[in-house]
C-alpha cells in the first residue's frame, strides 16, 4: 500500500547538492520511494495513510560509514590520563590503548557486546542515522573476530537500520603474534578471512596501514585475499604518516580510504581516477588534537568525493552524534554545510557501495529519510546539540524511540 508524506520541503542530496524541492511530497510503497516531487504535481491516487509533516525539511537518512561501534569496556580513564600529560605511547606501553579494548572485547560475551552496542547505536538513530557500517578489529583472532561480526549481524536484525559489516582483523598486532606481523597477516589471509566470509559475516574488508600497524605490502596481501573472495576493500590510511596507503587503496579500487591527514597530491590524483571516496573523521582529529589537516582543497579540486563519519570507537573518537561531526567537518575542515551533508548522505552511501539504493531521495530508492524542525538544511550543520529530528523514517516506516 502507498503512504503519502506531504507538506514538506526536501533536500534530496542528488549529485552531492541540496537539490531542493519546496512545497513537496513523498509517496512511499513498501520500503521504497514510489514518487517524489512538488505537492501540486502529486498524481491522483489512493493512499493507505497520509502524514502531514507540517512544513518540515526532509533529508535522506544519515549514513555513518566508518564506525567501531562494537567493543568491550571503554577508555575514559585513559582519556583522563592523556589530559594529565601522559602520552599515548606511555599508555600503550603500560597495557592500555587498543590492547586494553582487545582484552575487554575478548572477555565480553556476545550478549554483553550486543547490549552495549545497541545502547550506543540507538543514540545515533535518534540523531537521524538510518544506515551504519560497523567494523570488527578488537578480537584479532578467529574466535573473537567472528564473535564481533556475529554481533554486527545481530544489530541489523534487532534494529530498524541498514547495517554493513567490515572485517578489520588487520587492525593491530595481537599479543600472541608479538613481533610476528607477517605471520599474523598470513593467518588472516589463509584462515580468518576465508572462514568468516564463508559464514556470510563479511560485507567488506579493511586494514590499518601505518607504522604502528601494518605496511603497504602487508595490506596488499590482505587486499589480494579479499579480492579473491569477491569482497570490496577499504583502508585506514595516512592518518599519522605518509605511506602511500591511499594510492594502494586506489589501485585496488577501494570503496574508500579513511583519515587521510598525510596524503599527497599523487594520492589524491590516484583516488580521483579510481573513484575511491575520501572519508574524513573529524572526531579523531579533534580528540587527538591533530595539526596536520587532510588536503581538502586538493580533494575538491580533483573531484574526489568526500564523506564524513563519526569513527565511533572507545579510544580516539567516542562520538555518539553524527550531527556533531557535521559541525566539526565544517568548522575544522572548512566544508560548506552542503558539502558536509553530502558527506553523510550520498557520498557516505558511495563509501559503502550503496549509492544505487541509498544516500539521496529519488524515485525507486530506499525510503530512508528524516524530517527536521528547521528553516533551512544548513541548520542541521549549524546547531550543536538539541533535539532537531521530528521523525526518522526507515524503509518507509517511522521509527519509534
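Counting starts with 1 at the first residue shown.
Even glycines carry a Cβ here, placed using N, Cα and C.
Residues within less than 8 Å, Cβ to Cβ, of residue 236 (Zn(2+) binding site) and separated from it by at least 6 positions along the same chain comprise 206, 207, 208, 209, 210, 213, 245, 258, 259. Secondary structure at residue 236 (Zn(2+) binding site), taken from DSSP and collapsed to helix, strand or coil, is strand. Residues or ranges marked as Zn(2+) binding site by Swiss-Prot on the basis of sequence analysis: 66, 68, 236, 311.
Counting only residues at least six positions away in the same chain, the Cβ atoms of 133, 135, 234, 256, 258, 279, 281, 309, 310, 311, 351 sit under 8 Å from the Cβ of residue 66 (Zn(2+) binding site). Summarising the annotation, Swiss-Prot assigns Fe(3+) binding site to 66, 68, 236, 311 and lists sequence analysis as the type of evidence.
Neighbours of residue 138 (4-imidazolone-5-propanoate binding site), defined as other CB atoms within 10 A of its CB across all chains, total 30. Feature annotation from Swiss-Prot assigns 4-imidazolone-5-propanoate binding site to 75, 138, 171, 239, 316.
Classification of residue 315 (N-formimidoyl-L-glutamate binding site) by DSSP places it in coil, neither helical nor stranded. Positions annotated as N-formimidoyl-L-glutamate binding site by Swiss-Prot, on the basis of sequence analysis: 138, 313, 315.
Put simply, of the binding-site residues 68, 313, 315, the one whose Cα is nearest the Cα of residue 75 (4-imidazolone-5-propanoate binding site) is 315. Each residue contributes its Cα atom, and for residue 171 (4-imidazolone-5-propanoate binding site) and residue 68 (Zn(2+) binding site) these two points are 11 Å apart. For the pair formed by residue 315 (N-formimidoyl-L-glutamate binding site) and residue 239 (4-imidazolone-5-propanoate binding site), distance between Cα atoms is given as 15 Å, rounded to the nearest Å. Separating the Cα atoms of residue 68 (Zn(2+) binding site) and residue 313 (N-formimidoyl-L-glutamate binding site) is a whole-number distance of 5 Å.
Between the CA atoms of residue 138 (4-imidazolone-5-propanoate binding site) and residue 313 (N-formimidoyl-L-glutamate binding site) there is a gap of 10 Å. The Cβ neighbour count for residue 313 (N-formimidoyl-L-glutamate binding site), using a 10 Å radius over every protein chain in view, is 24.
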